[in-house]
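Data first, discussion second: the structure below is written as structure tokens.
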Amino acid sequence: MKNAFSINILFLLFTIIGLALVSRLPVQLHPHVQGDVINVNFSWPGMGAEVLEREVTSPIEGSLSALRGIRSITSRSYKDRGEVTLTFKKGTDMDAARFEVASLMRSIHSRLPQGVQLPQVSYRGGGGDDDPLLMVYTINGEGSSYALQEYVSRYVVPRISHLKEISSVNVTGATPMEWELAYDKERLRLAGLSVRDLQNGVGNYLSRKELGMTSIQEGKEEETIHLTFTGMAADSLIWDDVVVGKSDKRILHLADVATPKLKETLPRSYFRVNGLNTVYLVIHSVQGANQVTLAGNVQTAIQELSHAFPPNFSMLVNYDASEHINTEVQKITSRALLAIIILLLFVLFISRRWRYLFIIALSLVANLSIAVIFYYFLGIEIHLYSLAGITVSLGMIIDNTIVMADHLRHSGNRSAFLAILAATLTTMGAMTVIFFLKEEQRLNLVDFAIVMLVNLSVSLAVALFFVPALMDQLPIKTVRKARLIRRKRRVVKTTLLYGRFLSFAFRRRWALILIFVWGFGLPVFFLPDKIETKGDEEPAWYVELYNKSLGNQTYVNNVKPWVNKILGGSWYYFSNYYSGSNFNWDDSRTRLWARGSMPDGSTIHQMNEVFIGLENYLAGFDEVEMFTSNIHSIDHATIEISFKEDHERGTFPHQLKNELIRQAIGIGSADFSVYGVGQGFSNASYDGMRNNRLQLRGYNYDLLLQQADQFRDTLLQNPRIQEVIVQTGVSWRGKPRYEFVMGLNRDRLEEAGSSLRNLFANLLYVTLNDQNAGYIPGKDGMTAIRLRETNKGTTSVWDMENSLLQSSEANFRLKDVGWLTRERTGSVIRKHNQQYELNVEYDFIGPWELNRRVRERYLDQIQEELPMGFSIHDVSGGGGWNRDEKSQYWLLLLVLAVIFVLCAILFESLLQPLAVVASIPVAFIGLFLTFAIFKINFDQGGYAAMILLCGLTVNAVLYIINDYNNLKKRRSNQSKLPLFLKAFNHKIIPILLTTLSTILGLLPFLMAGKEEGFWFSLAAGATGGLMFSVLAVVVWLPLILIKKRSVVKQG
């Protein structure tokens, strides 16, 4: 070969560059997905959903709606909290958008009501709802826990928050001190004082007012001084000195009517790790972030900050998600290296020449190293799926090298490259179908496809240039004559036996073809039980014929199941098993969750007491690695439990789940859901789903509620409709909420000399919440002063109705002017693009067709009655992911079309490509049986195996057909069967070797067991299919490729 030395030097240079770039590739467990969603979360403790939506959610939405690039804006207002979700258009700079949103929240916070915490902005990547926990630090140091929290919030949190792909940074575990001024409202009333008097008295005592300036002359010098009034000494706080009013010419001090006490503020949320109360820095990353790199960046940032830490201050890593990722990546990498070693040993075994092994090994190293250059410039990350692409491509890379090397040894030319090119292009064409999948299905597999395309493209260049150049510089000796003669004798005997088998097979061609078709299966099980017609339409003759024959009830119940089993073949067997598989396999660590909720009227502190009991119980299990408790409200409280690696895959998680269920059943004050492994458990009373759901949309919530109530009354007039409910949620887990609604007789209210404002002030006095009375500066910051009623929380409905209320004319009771009723209320107010949404749900008793007609009639009727700007929509079909979605499997037909076109171009024929495409279903028989017989979960690895088989099966067929066509050109007068046998003899050994090498490359992942999910299903599916692909080459191909009359003529 000309320029062999120069080609070798050039490939050596590229190999060195690739090896140098390996360390620069980002490593993580999952692919990074650029998300397009930003969440804004806020809270206002003690406020209902309607007040929070009006006072907080709407202003925030208004300020955010003007941002550029927004595709949609959705908000949800709950009791005590709310959230606004911004979805941006593709291509938006999300870092800039997040910064702009955070700036808007800081600027609008001062205009929000007092008590609303600063809204938290979090960036959500793709592929999930909750941002994953990245790291947890334990904070230690001198001073109070609140002082430590304040220090970390001021100096550490801003630095970590600005790191790219950080979702949120929170400091938890410390609560500030506050002065509690406890009073008795009856005692206060007898003294003729109000809460406002206490606030004014404390305010005056703490006030500091500038009185002006004066001048003092001492001798000849005149000095100007400022006069300031202050109610308290600069270095002392004496509550006995606070004057709050007077009674019977006696001055009343605060200590006469209230009891001051310095205590910790009641927490608004709880976060604990392993049940320990300490200060934590909790860091979450966005979904799909490179957690290995991100954890390193966090540690680097804290290391830089540590130089300025106060004495005896330290931050210790309590949890680091990147440790698990590093372990998993190392495990996968070690298996990939084991696959390479197995493949190289296999090459040595079949060649028995060290020089041949050296050439194959050098070619493999060059291929992978040059591919790294493309990984780097294409921005490909090393993760679970890209490593799968590298591992699977190893066998095909070696196959191309072996085929070219063998052809060079026997023929001395590179004419085999055309077959290698066609086989590789068909595999690459099969990979391109991944880019046509739906986004949520494409996210994980796209890097798998790109890596495969890169590696196979580089393998073509290696096979065409590097392998011939190496073999020119390192020639391999030919086989000795004695061994060659023995090999030829074996070939002759095998050919005679195979020729006799083909003669037998051609005499029974159609019987064998029917056996293969039956083995794959006929899709009779997809036929519907009955063809439905819309409305009053007259069914077509073929519909009527179908319903009377294949749609007959007797046939459907008694005959159809047997027909499906008999004619469905392996496809039906696999389809039945697939319905119970989980396509979106989750390869994260085994975790167990317990989610608690309490009824209305409960407090977060009562929920905390329940969780402390569960934490004490979990602390007794050595198998548990860590459990974290997050309590945000009475509806949002969870314990997340992770296990030590030795116990993750065993039975202990299931045993602990059962123990937790037993504990949950014994807790009467809270409902629990326990899930994560096995079948989930819940003792909560949810609403469930109803068979009809209509959605009203409008821009005025009160008017929308009014329209929904009128619609409900209209529906209830139909005797077939029961239990009509107006709510906002769309989940079967919706929990019913109730509230007390006050009705008023305005005439009686005026007769009592009161007004709505006066009545509201009186009711606040009856059910007093904590009142802020000011702040006192201290060494740890500002200390709040709270006025708290001693009997807070004991007000009953009777107290509300019978307490004396004051007006300008006389005292009165609430029951004199109004009444209280307990009504069901929505737990959330939902808006989409600033349109309120309400669902009217009901159950219809009757057949489905009648239900549909009634629903459509009501839709038309209500739409005509709704005011302008309001609309109604049928959302009875539900939402979310449909497990019966089959679009990804129809795309396999696109794979077949691509392969057909490529083969038609290569062979300049339309008949031979049909033989190539027809071999693929034979390989699928092996895949179907493998998953169904061995009960393997069919996930994304199984789908990748299907795509892979389309290419690998075609490769073997292409090698034989290409050689067969070349022989026909040279020996046009010879019969076709001997030519096929000769082509078969030339290529069957490389085909068997390449098939076996691919299987051996996947062997380490088969040995890992079913727990490896994606890897195991990929390896098992590809292995089963490859075994049957040999059957496709040996039996199926000649039956389709060679005409029977040619065989008869030859015979």
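From the backbone N, Cα and C atoms, a Cβ is placed for every residue, glycine too.
All TrEMBL annotations are machine predictions without curation.
The transmembrane segment feature in TrEMBL is assigned to 332-350 (among others).
Feature annotation from TrEMBL assigns transmembrane segment to 357-378 (among others).
Taken from TrEMBL, the feature transmembrane segment covers 384-405 (among others).
Sequence annotations record features per position, and here TrEMBL assigns transmembrane segment to 417-437 (among others). Panel annotation: around the transmembrane segment (417-437), residues 396, 400, 403-404, 445-446, 448-449, 452-453, 456-457, 459-460, 463-464, 887-888, 891-892, 894-895, 898-899, 902-903, 906, 916, 947-948, 950-952, 954-955, 958-959, 962-963 of the same chain, lying at least six beyond its termini, place a Cβ under 8 Å from a Cβ of the stretch.
Residues or ranges marked as transmembrane segment in TrEMBL: 449-471 (among others). Here the transmembrane segment (449-471) has Cβ contacts under 8 Å with residues 1, 3-5, 7-8, 11, 359, 362-363, 366-368, 370-371, 374-375, 378, 380, 386, 389-390, 392-393, 396-397, 400-401, 403-405, 408-409, 414, 417, 420-421, 424, 427-428, 431-432, 434-435 of the same chain, all six or more residues outside its ends.
Annotation comment: TrEMBL describes 510-527 (among others) as transmembrane segment.
Among residues of the same chain six or more beyond the transmembrane segment (889-907), those with a C-beta under 8 A of the stretch's C-beta atoms are 418, 422, 425-426, 429-430, 432-433, 436-437, 913-914, 916-917, 920, 946-947, 950-951, 954, 958, 961-962, 965. What TrEMBL lists as transmembrane segment is 889-907 (among others).
Per TrEMBL, transmembrane segment is recorded for 914-936 (among others).
Positions annotated as transmembrane segment by TrEMBL: 942-961 (among others).
Panel annotation: around the transmembrane segment (988-1008), residues 335-336, 338-340, 342-343, 346-347, 350, 391-392, 394-396, 398-399, 402-403, 406, 952, 955-956, 959-960, 1015-1016, 1018-1020, 1022-1023, 1026-1027, 1029-1030, 1033 of the same chain, lying at least six beyond its termini, place a Cβ under 8 Å from a Cβ of the stretch. The transmembrane segment feature in TrEMBL is assigned to 988-1008 (among others).
For 1014-1042 (among others), the entry in TrEMBL reads transmembrane segment.
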Range from 357-378, 384-405, 510-527 with the greatest count of C-beta pairs under 8 A to the transmembrane segment (332-350): 384-405
